[in-house]
Amino acid sequence: MSKTETTIVILAAGKGSRMKSNYPKVLHVLGGKTILEHVLNTAKSIKPKKIILVCTNDLKKILSINKNIPVELVVQKQQKGTGDAIIVASKNFSDNENIIVLYGDMPFISDKSIKKLQKSKKKSNLSLLISNLKNPDGYGRILRKNNKVISIIETKCANNKEKLIKEVYSGTFIANGKDLKRWLSKINTNNISQEIYATDIVYWANLEGNIIKTVETLNHKEILGINNQLQLSALEKIIQKERIKNLMIAGVMLKDPSHFNLRGTLKHGKNIEIDTGVILEGNVILGNNIKIGVGSVIKNSFINNNSCIKEYTIIENVKIGKNCIIGPFCHLKNNTILKNETHIGNFVEIKDSIIEKKTKIKHLSYIGNSEIGSKVNIGAGSITCNYDGFKKSKTIIGDNVFVGSNTELIAPIEISKNTTIAAGTTVIKNVDKPCLVYNNKEQKYKKNWINSSKNAKKTPN
Ligand code: UD1
Ligand code: CA
């Protein structure tokens, strides 16, 4: 017998009104990914024939920009309830395949639980993923008669006795396409919210005498949904706790685990020391013997062995070589590459630049669109003037150049190796051979002028 194909339907068209946010609920970020990406990744790992995402028009517009999402987007124009959302999707699935429904706001549902559900389908017409919770409030309760599932009752509609039931519904089920379409055609809005509840398919499936089975999630976390900001932050905490535990077991020293966030992935070597308030985002790779100081943020970057990132440094899309000292208080971004033994200090911003080895830029500089050779010293307050109001231009500085403090380099410009630029110079022309570059400036004097209170101007208010 050939294997029955599977289509996964993800419901993500709810108003998300409890989030009180202008942004679609499923696009809120959890552990560095959108809530929807968590569910989509799980769905993809099941290797279904296709994935149908039920969304709003707004969500469709945002998702359509990202062509990497391999899903069919169907729009539910009016949010009439979860049952209606599946009805909208049902136009895109066929009778003889299995349909698995996932809710877009439940990011922890695991592939293992879904596979268990798929197995259970072989012996049933409808299998429901359920959990047993100490506090079942807010969830649909599983109603049984003589131990057989007969229906699901939403919290809003449940009486006091039903509210005591701890067996709750996750929103995830599996059924054959033809059966599902038939049950969906029977559900109505006879409930307190006057919504078309997906859960009502259970009632009709039972009435027809179908076999209904339940499968329990592997852990209680899987059933956690995100309906408001409080739940979003509670789930973030769970993710962070797990990641922090894994990092520490792998030998990373976190000086203050409760104030560290990994909002992506970290690959690391040995002897990593991370101080309080550090955030790592996207894909971060750290070599051996790396120190990261208080309050630093590192995004999609690679830091090689024996480098030290001092306090309050922001690094985005940057490659840092070995034995570098970076910070405190500096901002490196946009594909900047720092070779071995570079020193970058306080209040320095570098973007789109390559800095060769042993170069020092230690105070108050802006370096943009530049190629800076090795053993260059950029004095305090020196900047590349890379933008003329229309376009960005390049600054190229050869090896061993000494740039005096407070120098302005008007790009495009190229400075020969071994050149010395005097402090306070505005460099406007290329320097082809090693020399001393300076501007003719005169120091003037006003004779017999003394800064006494007599002739000092009044300080303006
Ligand atoms: C739902 C279940 C409940 C279950 C709980 C698990 C129903 C009626 N109830 O309740 O039994 O215990 O999930 O978390 O299904 N959505 C649409 N279109 C709509 C309405 C909702 O696409 O018209 C989507 C939402 O975006 C969301 C999902 O369906 O991703 C669930 O909707 P939500 O309103 O959050 O249902 P719950 O009240 O959590
Ligand atoms: Ca929900």
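Residue positions begin at 1 at the first shown residue.
Yeah, the Cβs are placed from backbone N, Cα and C, and that goes for glycine too.
Residues or ranges marked as domain 'MobA-like NTP transferase' in TrEMBL: 9-120.
The local packing around D105 (Mg(2+) binding site), expressed as other Cβ atoms within 10 Å of its Cβ over all shown chains, amounts to 24. Annotated UDP-N-acetyl-alpha-D-glucosamine binding site per TrEMBL: 11-14, K25, Q76, 81-82, 103-105, G140, E154, N227, K351, Y366, N377, in sequence order.
Here N227 (Mg(2+) binding site) comes close to G16, R18, M19, K25, D105, G138: these same-chain residues lie at least six apart in sequence, with C-beta atoms under 8 angstroms from its C-beta. Per TrEMBL, the feature Mg(2+) binding site maps to D105, N227.
As annotated by TrEMBL, domain 'Mannose-1-phosphate guanyltransferase C-terminal' applies to 270-345. Per-residue pLDDT, averaged across the domain 'Mannose-1-phosphate guanyltransferase C-terminal' (270-345), gives 98.
The DSSP secondary structure for H363 (active site, proton acceptor) is strand. Around the Cβ of H363 (active site, proton acceptor), 17 further Cβ atoms fall within 10 Å across all displayed protein chains. As annotated by TrEMBL, active site, proton acceptor applies to H363.
According to TrEMBL, the acetyl-CoA binding site annotation covers A380, N386, Y387, S405, A423. Other Cβ atoms within 10 Å of the Cβ of A423 (acetyl-CoA binding site) number 14 in total over all chains.
L11 (UDP-N-acetyl-alpha-D-glucosamine binding site) carries a strand DSSP state (E or B). In terms of DSSP secondary structure, the domain 'Mannose-1-phosphate guanyltransferase C-terminal' (270-345) contains 0 helix, 39 strand, 37 coil. Counting in whole angstrom, E154 (UDP-N-acetyl-alpha-D-glucosamine binding site) lies 60 from Y387 (acetyl-CoA binding site) by their C-alpha atoms.
Listed binding-site residues: G81, A380, Y387, S405. Those with a CB atom under 6 Å from ligand 1: G81.
All chains included, 23 other C-beta atoms sit within 10 angstroms of the C-beta of G14 (UDP-N-acetyl-alpha-D-glucosamine binding site). When other Cβ atoms within 10 Å of the Cβ of L11 (UDP-N-acetyl-alpha-D-glucosamine binding site) are tallied across all protein chains shown, the result is 28. Within the same chain, the residues at least 6 positions away from S405 (acetyl-CoA binding site) whose Cβ sits under 8 Å from its Cβ are G379, A380, G381, S382, A423, G424, listed in sequence order. Of all the binding-site residues listed here (Y366, Y387), the one with the fewest other CB atoms within 10 A of its own CB is Y387.
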